[in-house]
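Taken straight from TrEMBL:
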{"type": "DOMAIN", "residues": "5-129", "note": "domain 'Neurotransmitter-gated ion-channel ligand-binding'"}
{"type": "DOMAIN", "residues": "136-404", "note": "domain 'Neurotransmitter-gated ion-channel transmembrane'"}
{"type": "TRANSMEM", "residues": "130-153", "note": "transmembrane segment"}
{"type": "TRANSMEM", "residues": "165-183", "note": "transmembrane segment"}
{"type": "TRANSMEM", "residues": "195-216", "note": "transmembrane segment"}
{"type": "TRANSMEM", "residues": "388-408", "note": "transmembrane segment"}
Amino acid sequence: MMGLSADGHYEVTLMTKAVVFSNGLVIWQPPAVYKSSCSIDVEYFPYDVQTCILKLGSWTYDGFKVDLRHMDEQQGSNVVDVGVDLSEFYMSVEWDILEVPAVRNEKFYTCCDEPYLDITFNITMRRKTLFYTVNIIIPCMGISFLTVLTFYLPSDSGEKVTLSISILISLHVFFLLVVEIIPPTSLVVPLLGKYLIFAMILVSISICVTVVVLNVHFRSPQTHRMAPWVKHVFIDLLPPFLFIKRPTYNFETGKMLLKDTHACFYPYYSATNIDRLVLSGYSQSKEQLSHSLTANGPFGGSCQVHGSLPPLTHCNSDEIGAPDIDIMSSGMKSPILTNPAFSHSKCPPKIHKSCFCVRFIAEHTKMQEDSTKVKEDWKYVAMVLDRLFLWIFTLAVLAGTAGIILQAPTLYDDRIPIIEQKALDFSGTTAGRCRPPQ
């Protein structure tokens, strides 16, 4: 009778005759279909190896009455390497049979002194992984590596979070497929389930990181102030290690000469200290012109001038400016005319007002420039963060994939299935016997 029976029917339904030999040997081969239960270990699914046990023995007679032995058992050995006749075995498209040894066991119970015999068949099967590798493993790995591309997508595209959420939904779909094809068990998490959980955690973290990067990307000087350590770390320190180089722009500048000339200038410089100013050439850089007018010139502001500058108007000694002039109808007194440097100014009030307006426009333009520069710094910090997490997540995906998939023992199992081994042995024997005539 069979132990671990799945249906509870132990009797032989179809009776056949026994063959009796003159030496007392009796051979009885009744056809029967036995159903047995087998525990499945899904820890390394789909790269798993399963071992099922078939135990045959007598529950009525002890070992003194029935000496149960395998017909291929050798003298002095209780183990038969191939204990199952596989001549009528039909090859499975899902499993390979690796081993089918048979072991004769003698067991003593506390109730009796007689031994009880049984023959145990250990059937070792290895799952064929081509179907699962092509249809599940490779697509899951591809979706996991798409997580890295989230950090390569520019922040201005507005699709970073969309891509991450789409990847997360795809992984959930694959997870539902895996749940349907693996046996339901709460003992262990299958290898494929581990990889999908790892990928989903990775994508979830990438979504959080993407939100932080987008927050940094769209910062402005009106809402945030960049700390010095942020500028030092993400603008000066990290970019060379991440193979990032900020582009620089070179401008061709013309010749700039300063000569003495009598002219009316903006305040903070007395007109008597400046004899003449001659500007010749072209300016193609706002920063250079602003620096020249601020550091070396009397305007003390910044503005953008393209082309050659016309000569400044010389003030006549008869033109005397009014002490107070409303600026842009705001009720404010002009700082140009109230400045002590213009106490003896001989320029007309309209020129003073024009100089103030030019300075106002230049300062406003410079403020916009500074604001744009700070915004570009924040965008550059976001780009550095993207590149940093690009490398981090690339290493994480590679390490996680290798650490989870490569731990399956069947990847290193080079045993040949029994059916294929017999076919190879048969072909080798046939080739050895049927040699061509010489």
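Cβ coordinates come from backbone N, Cα and C, glycine included.
Summarising model confidence by region, the domain 'Neurotransmitter-gated ion-channel ligand-binding' (5-129) averages a pLDDT of 86. If you look at the transmembrane segment (195-216), the same-chain residues 6 or more away from its ends with a CB under 8 A from one of its CBs are 137, 140, 143-144, 147, 150-151, 155, 160-161, 164-165, 167-168, 171-172, 174-175, 178, 189, 378, 381-382, 385-386, 389, 393, 396-397, 400-401, 404-405. Listed as Cβ neighbours of the transmembrane segment (165-183) (distance under 8 Å, sequence separation of 6 or more from its ends, same chain) are residues 40, 42, 45, 136, 139-140, 143-144, 146-147, 150, 190, 192-193, 196-197, 199-200, 203-204, 207. Residue counts of the domain 'Neurotransmitter-gated ion-channel ligand-binding' (5-129) by helix, strand and coil are 0 helix, 44 strand, 81 coil (DSSP-based).
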